[in-house]
Structures are given as C-alpha cells and as structure tokens.
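Student: Before I ask anything, here is the structure I am working with.
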Amino acid sequence: MREATKYRLLELIPGFLIWATFTAVIGLSFWRPLWAIYFIIGFDLYWLLRITYLMFYVLTSWRRYRRDIHLNWLERLEQSGKPYGDCYHLIFLPTYREPYAVVEKPFTALLESKYDLKKIIVVLAGEQRDEAHFQQVAGIIKEKFGDALGKLLITLHPQNLPDELPGKGSNIHYAAGRAQALVDQLGLDYAKVIVSSFDIDTCPHPQYLACLTYTYLHHPNPTRASYQPIAVYNNNVWESNPIVRVVASSTTFWLLTDMARSERLFTFSSHSMSFRTLVDVGFWDKTIVTEDSRIFLQCLVHYNGDYQTVPLYLPLYMDTVDIGHFWRSLKNQYKQMRRWAWGVEHFPWMVKEFWFKNGHGRRVPFLKKIYYLWNQTEGVYSWATAPLIIFISGRLPLLLADETERSTALFQNAPHILAYLMRLAMAGMIVVAIMYSRMLPARPAGHRWTDSLVMLAQWVLVPLTIILFGSVPATDAQTRLMLGGRFRLGFWVTEKK
C-alpha cells in the first residue's frame, strides 16, 4: 500500500470514531433503552469524577498564576546571577487586513515591558494579498515605534508561493527566513535569541519577557523546550457578549489544566522557543492550519522525543472574537473553534512520523509515542462526543423506552440520577466563575455594577456553549478531515474589531 493511501486512511479514523459512537448510542437507545440508560449514567459518573480530577489541576495552576503575577521577574532575573545581557527577544506579529488600532496594541504593550527594549526585535509580517493596506499600517508603526525597539523588521509574504497553504503558518515561515538573515547580520548566537510567535492582538504582561528570560536561562537544556504562557482573552472582555466570553474563558481554563500537567502540554496560539530550535526544525510548518501546536510535534520528532513544553504562569492578553455584532460574533466564534479543532490533522501526521518507514520520529521512545498519540486522539474524540452524550443523548432512551421498561425502578429514577450528577458537575462552575472574576480587568467607566453580576451569572450558559461551540465544531472539523477534498479547512483569519 502506498504511503499516501495509508495517510489518507489515517485521516478517516477520528471522524469514523465519533460517528460510530453517535450511531452506537442512538442505536442502543432504540434497541435496548435500559442498557443505554446504564451506559449514560456510567458515562456521566465517569465525567463527574474526571471533572473533579481536572479541577485539582485548575486550582494548582491558579495558585501558581496568582503567585507569579505578583513577582518582580526583572528583579529576580537581575539577582539570579545568570548573564542575560546578550539575550534577545525575536517577536513575530503576523497580520492580514487588521486595522491599525489592532496592530498597534502589541507594540504599545511591548513598550511597557520591564525589559531592555533595545534587546527586542519585532517582525511585523504582512501579506502581499493585502499589500496596500499593510504598507500603510506598517509605515505608521515604523514611524511611531521603530526607534524605541532594538530592530523592527517588516516583511511581506509573497502570494502563491509553491507548496504553501495561505495563512499564518506560511506567513511566519517566510518571515522567519528573513529574520534569520537579520540575526546573522547582527552576529547573534541563535541559542541566545528567544523567539515568540504572537497573534496580532497579543499584549504581553509587562513582566512576561523577564519571566521568559529567567525561565529560559534556568532551564537545564533551554533549546529543548518551548514555553507556553496563559492565554487570557481580556482585551475587550467587558465589551463582549456573554456567550463569547464564556467560550473564550473556557479556553483559558482548559489551558490551565494542561499547564499543571506539563508532560502533556502542547504549544498553543502565542508561544515562545529558542531560535536555535526553530532553525533546526525548519521553521513553522507552512502547509497546515494549526502550525502553533504542530511546531511542538516537529521539535519532539526532530530531537527523538527529547523535548518538552514548559508552562509560564504569566498571561498574554488577547481579544475575544466579539466585533460588536451579536450574530456575526457567534459565527466567528464557531469558525475559530472549528479552526482550533482542526488540530485533529496532527493525528495522521504523528502516526506517519512515529511508525511509517520514512517517518522521522521512529527513534522517539515507544511509550512517549503512545502517550502523546493517546492524548491527542482522546482529546479530540472527547471534545466532539462527551458534551453531546452528556447533555442530549442522555435523554433519548428515556423517550424511547416502552411501557414495560418505563415501569422499572431504573427508568423511574434515571432522570433524578442524571439531574443530580449534572448538578454536582455544575458545582465546579461556581469555583471557575469565582476564579474568572479575579482575572478580569477593572470594570471600565460607563459599565454598571450589574455588568459584574452578569460576568458571574453567564456561567450558566456552559451547557449551551460546550455543545454549540465545543462538540459541534469539533465534530465538524473531524468530519471534514474524514471527507477530505473540498471539505478540508483552509486558514480562516479571525475577524478583529
């Protein structure tokens, strides 16, 4: 069998698994409703225990976040005795059609960094498809911020280059090549250049670069690690609608659970790493949608499993997808979640690299292969199936049971058992809502005190958001990968106001 055929068969597996699960649950509800009720109760109990287990990790990360956000990282760096004067930060900011007001945000935030601004090199990476607008915005940025930074490199990614998927990955891949020429021209040591790939709306915490430098210099092998901060969608949180806020903040808390389990942590969205490493693996993948998490796997494969992601418990502040129009914002939220769920494209790539004859990761330790592949596969599978089974499929056998089955004690008690398990699970949302309120910026002028109450009350929307903006887009993405061809996703740029 040809390698391409094997790869295509692997692309079918995630979608097949979720549709087989949905078919089995629905079929069992028709064929043996009582068996289905047993299964649903057991499934709900399993997820209650799992949520309780995950809350431990959320609280662990939360405590570390509250600790680290109050530390003076620049002072710690200066007192550490580690020489950091020759450490440079190379920050990539890819943009496509964003207005100046959005592009200006990260530059303003960088000027507030508690770090030597002359050690910061920023790459503003635009697209030829948007050349006229980009050149206008870049000109203003250069005039306003160029002299304050160490270097400002402006790149224009050519259109229609071969073997590329138009999007963020191909843009920063091209920009990285241009940046390498600049780093060489400056005579900098690749291992002393710390790369950060930021979304264009990313505003780093003032202590972020100092914290990143401190962590990098204290790591026993800093070029064999990526560094993942907390993504917090606070830039426009008070102007966003409650549904969008819940979805965005749920992403933050999901990331917190994985940060406390760093052995399973991938890079996500905005992240940092050594320029030495980035050059070794050939930059970000220019052929896929989810280059932000693929870069971790590229490094894992290149270094034969000797690679990790180190959590940084300082936030990077970003925008929600809210653009001031309710329905367009919800549509954009769905598309963003579907794009993130397209990370399922890693599954066939991992199998190919780990086990195919031409795979580059065959020397990764066997148990590490299994561990990462299981986490990836189970994660996207549960993302698609668990919310629908818990909140919707659990009611189906109750509707389909015949009179004999309805007379059983199990049937009569099932609604009460399921409701009780649901209430216990939702109790965790109270804890999350309290933590969320502690992460919010101060209420802006013009917002009423009742808006703060809405910030807490909005968490009752979780059962809705976890289905419409969790399970459904995840199922959509995996189904598209299974169908292939014209159903494949390209890179959708999140609309920003």
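Positions of Cβ are set from backbone N, Cα and C atoms, glycine also.
Annotations per TrEMBL:
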| type | residues | note |
| --- | --- | --- |
| TRANSMEM | 12-31 | transmembrane segment |
| TRANSMEM | 37-59 | transmembrane segment |
| DOMAIN | 199-410 | domain 'Glycosyltransferase 2-like' |
| TRANSMEM | 380-400 | transmembrane segment |
| TRANSMEM | 420-440 | transmembrane segment |
| TRANSMEM | 452-472 | transmembrane segment |
Student: In the predicted model, what is the mean pLDDT computed over the domain 'Glycosyltransferase 2-like' (199-410)?
Tutor: 96
Student: By Cβ distance under 8 Å, which residues at least 6 away from the ends of the transmembrane segment (12-31) in the same chain are close to it?
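Tutor: Same-chain residues near the transmembrane segment (12-31) but 6 or more away: 39, 344, 347-348, 377, 380-381, 384-385, 388-389, 393, 396-397, 400, 475, 478-479, 481-483.
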Student: Can you say which of 380-400, 420-440, 452-472 has the most Cβ pairs under 8 Å with the transmembrane segment (37-59)?
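Tutor: Ranked by Cβ pairs under 8 Å, first place goes to 420-440.
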Student: When you scan the chain for residues with a C-beta under 8 Å from the transmembrane segment (420-440), skipping those not six or more beyond its ends, what do you find?
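Tutor: Same-chain residues near the transmembrane segment (420-440) but 6 or more away: 41, 44-45, 47-48, 51-52, 55, 58-59, 62, 66, 232, 234, 237-238, 249, 252-253, 315, 390, 452, 455-456, 459-460, 462-463.
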